[in-house]
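Participant: According to TrEMBL:
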- 838-850: compositional bias 'Basic and acidic residues' (COMPBIAS)
- CYS62-CYS74: disulfide bond (DISULFID)
- CYS69-CYS87: disulfide bond (DISULFID)
- CYS81-CYS96: disulfide bond (DISULFID)
- CYS111-CYS123: disulfide bond (DISULFID)
- CYS118-CYS136: disulfide bond (DISULFID)
- CYS130-CYS145: disulfide bond (DISULFID)
- CYS219-CYS231: disulfide bond (DISULFID)
- CYS226-CYS244: disulfide bond (DISULFID)
- CYS718-CYS727: disulfide bond (DISULFID)
- 685-728: domain 'EGF-like' (DOMAIN)
- 811-859: region 'Disordered' (REGION)
- 483-529: repeat 'LDL-receptor class B' (REPEAT)
- 571-613: repeat 'LDL-receptor class B' (REPEAT)
- 745-765: transmembrane segment (TRANSMEM)
Amino acid sequence: MVIIVQFIVHASRGCRNETEFDCGYDEGNVHKCIPIEWMCDNLVDCRLNARDESSCRYIHYCPRDTLACRNGECLDAIFKCNGFDDCGDGTDERGCTEFYLNGHISAPVRCPPNQFRCNRGPCITDYAKCDGMKDCPEGDDEENCGPTTNVTMSCSENQFMCDNSCLPLQWKCDGQKDCDDGTDEIEEECGLLHEEEDELLNLPTREEYHQISLRNSFCSPSEYLCEPGKCIPREKLCDNHKDCPNGDDEGHRCGECASYGCSYSCVDNPDGAQCLCAEGEELAGDGRTCTDVNECDTHAAEVCSHKCVNTHGSFRCECFDGFDLSSDARSCRAKPDPYSSILFSLGSEVRHMPLSSLGSTTSYGIYQHNDQMGTIVRSIVFARSSNQLLMAVSNADHEGHIHSSVNGLQKCLIGDVNGIANLAFDWIAQNIYYTSQHPSNATGVGVCSLNGRFCSLLVKGIVNNEYYRRQAYRGLVVNPLRGMMYWIDIPGSFDSPKIMTADMSGNNVRALVSTKLEHPQGLAMDYIKQRLYFADIELRLIERVDVNSLERVTITSRGVHHPYELAFFDDYIYWTDWSTEALVATRVNEQETPHVVHSLEQMPYGIAVNHSAYWNMTMRNPCEDIQCDHLCVLSVGVKGDVVGRCMCPNLYKNSEEYGCIPMNSTEIQQLGGARNVPSLCTTMMVEYCEKGIGCMNGGTCVKQINSHGHVEAISCNCVNGFNGQYCELGSAWTDDELEIDDSSFLSILFLLVLLILIAISAYLASEKCPVVRRGVDSLLAMRLVRLINPSEEDTERIIKPKSMVYESDGFSNPSYEVPEKDKIPLSSGAAPTYNTLPEHHNASLHRTPEPPRFSIDTP
């Protein structure tokens, strides 16, 4: 859409009519001229009288204080004259010379010595020039590139070309297919290498194998071998004419087709009848009957973008809900969504641009701005069902928080997630997953409920070993359709990086990819094909691995410099690139050169897709079948289906009798204390308390005010019969009955030992003295009085928590069913009675409530 405007050029007094507009007198009674390009751009540049916008007639509407691009786009005012073509047609950068900027708009960008300045737009790194990919808006970084500098011509001497990508030379002929078409493992090129290996093993050479093959099959498939060694065409068989020297082409079995009973067609042979089948069919075991070939078990599964449906003699492709079949009858494209967008974070803010316009325009706006100075939004996730943006926010000291934003209103949801790296969202069970890295004292993978109340550390890294002290867990992806999660484990020293996988409950941890990795960064999931995409910033590659078959394929090396985070949707892979400071995209199945969606002015971090078809919402939540007091996460059941499982949150422990109960102070101290543990932000708890939902089951919120009069923390005062961080547990626990500390326990233990020693001494003495013996007998006949004797009423008030029901019956989604032959075998063994952290996991979360006390009942 083009903006059509009419304006009247005011007579100038000192301004150049052709290139300037006269604002008249502005602040300080100073006569002001502005570039004529700034007129009617929907932004007031004549501060006192707004004359530059007063005589304009706009056909295209833009909100107030936004820049109206000539191509019909609307941008936030801060993008005007920032040195980058944000409109896409250059409107926002026209007239932006230092003479006019006058200090109130940032000066045009000057490029450092090691960067290249585009004709119109940003600075890019030198090695992005002549790399075969247009990084500048006008593509001038690929002009005047000779054949020796353009990657499109050749790869470096330590690389080889495959699928329009350059791969490390050592990957060629290594027995593993890295190119999608298998050209890195073709026999003709790898044969010499294999012959050298065969010589070491005293095996026949390829030539010797070839001679053996010729002796075994002298004629081509369309020929028949006569007994003397002559080949004749098969159509001359059984034609009542002897073509072989011995006449064996007219054997006595010619003519058997008449009574052989082939279901489709038959060919007479001197050795007997041979049945043939139509295209799309194959012979059954009886050698006579033709049966349909299931093409979906062969190549057709790769041809179809989504689903392959077998038909008699052929197949057809179908799409999942939210997608339409393209005209090629093979690929699926997402249905138009007017609210769809791609979001990415820059420093402390999140920007967005419509998905529908990625191929035609590069305009975008600010979706969320973080007012906290010095913070970085490292990772983002958009929950479409609740219109909620989740952000991993950290500062220079690696202090991390998880923020939530709904309709632009940003709130701190979960605090003290130190070293936070990446976020993922389980849209089925409504849980937030995160990874943390050095310098966190709880490096690993954790999960939190969407309301922020409870968190649990699922997979714990190694923090006490000096070789692993800089271990990083990054690039998190969850797949609730399978109950699985994936992340990158970078050990920090000596050990090699790996791409790991586990159940979403933290069980069955294992490596998915452990070879040919240098520095993996960023993960993205194709939920349709069950493929995991990842980048390597050292090898400058983007690859994918099938999570079922483990087949690994390189997607591209073109235009890959320093990816930070990835996203996959609608056959496109998107990534934020630190080196080129750009948002980049490429279509994965077309082997096309990646293109810059938008050049940015700083390093981008997180990336997320907002589209109604991005996540499959048809799967039922297995957690609805069970009742958990704290957390319910998805996992893989014993039958391989997706089930719900209850988890104990951090600073709680599993009790066989009561389920999850709070740890006592001694246990918390043994785990390193309750400080720097992920917990609900105080501001969010204040909001919950104001809504009457802060404390459960009739509990009341108790504020702790600091010396400055601000709310420092909020605890819950529970009514009788309830306990826990938020009074969520129903029980008969009271402070007087259940408190037991180390000193009390040691005192009781000392008393028991003393009684045993007295009894032994008395027994030995009684053997020598009958009077003493009678006294001992009287003592042993007495019952020891219970230290605490709760009433029968109190005993009846003990309630067994609902958390003891730990696993649902499970749910499998037929649309995303994994063939039995493709399933990765899980570790054997019965499921635990309650899902708790392994011993090497360090529990963490929440400010602890008053420690429970236990009654000791002795006989």
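Note: Cβ is positioned from N, Cα and C throughout, glycine not excepted.
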Participant: By CA distance, which of the disulfide-bonded residues (CYS118, CYS130, CYS718) lies nearest to CYS74 (disulfide bond)?
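Facilitator: Its closest listed neighbour, by Cα, is CYS118.
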Participant: Helix, strand or coil by DSSP: which one applies to CYS231 (disulfide bond)?
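Facilitator: DSSP call for CYS231 (disulfide bond): strand.
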Participant: For the domain 'EGF-like' (685-728), what does DSSP give as the number of helix, strand and coil residues?
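Facilitator: Taking each residue of the domain 'EGF-like' (685-728) in turn, the totals are 7 helix, 15 strand, 22 coil.
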Participant: Do me a favour and check the Cα-Cα span between CYS226 (disulfide bond) and CYS87 (disulfide bond); whole Å is fine.
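Facilitator: If we compare the Cα positions of CYS226 (disulfide bond) and CYS87 (disulfide bond), the gap is 77 Å.
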Participant: Ranking the disulfide-bonded residues CYS62, CYS718 by other Cβ atoms within 10 Å, which is at the bottom?
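Facilitator: Least crowded of the disulfide-bonded residues CYS62, CYS718, by Cβ count within 10 Å, is CYS62.
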Participant: Let me know the most crowded of the disulfide-bonded residues, choosing from CYS69, CYS74 and counting other Cβ atoms within 10 Å.
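Facilitator: Result for the most crowded candidate: CYS69.
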Participant: Kindly report the helix/strand/coil residue split of the repeat 'LDL-receptor class B' (571-613) according to DSSP, in that order.
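Facilitator: In the repeat 'LDL-receptor class B' (571-613), the DSSP-based counts are 0 helix, 24 strand, 19 coil.
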Participant: Cα-Cα separation of CYS69 (disulfide bond) and CYS62 (disulfide bond), in Å?
Facilitator: 9
Participant: For CYS96 (disulfide bond) and CYS87 (disulfide bond), what Cα-Cα distance in Å is obtained after rounding to a whole number?
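Facilitator: The Cα atom of CYS96 (disulfide bond) is 14 Å away from the Cα atom of CYS87 (disulfide bond).
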Participant: In the repeat 'LDL-receptor class B' (483-529), how many residues does DSSP call helix, how many strand, and how many coil?
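Facilitator: So the counts come to 0 helix, 24 strand, 23 coil.
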Participant: Name the residue among the disulfide-bonded residues CYS87, CYS244 whose Cβ has the smallest number of other Cβ atoms within 10 Å.
Facilitator: CYS244
Participant: Please list residues from the chain of CYS145 (disulfide bond) whose Cβ is under 8 angstroms from its Cβ, counting only those at least six apart in sequence.
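Facilitator: Expected: LYS129, CYS130.
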Participant: Quick one: Cα separation, CYS244 (disulfide bond) versus CYS231 (disulfide bond), in Å?
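Facilitator: On Cα coordinates alone, these residues lie 8 Å apart.
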Participant: Can you tell me how far the Cα of CYS81 (disulfide bond) sits from the Cα of CYS727 (disulfide bond), in Å?
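Facilitator: Each residue's Cα considered, CYS81 (disulfide bond) and CYS727 (disulfide bond) end up 55 Å apart.
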Participant: Within the chain of CYS219 (disulfide bond), which residues six or more apart in sequence place their C-beta under 8 angstroms from its C-beta?
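Facilitator: The list for CYS219 (disulfide bond) reads LEU225, CYS231, given in order along the sequence.
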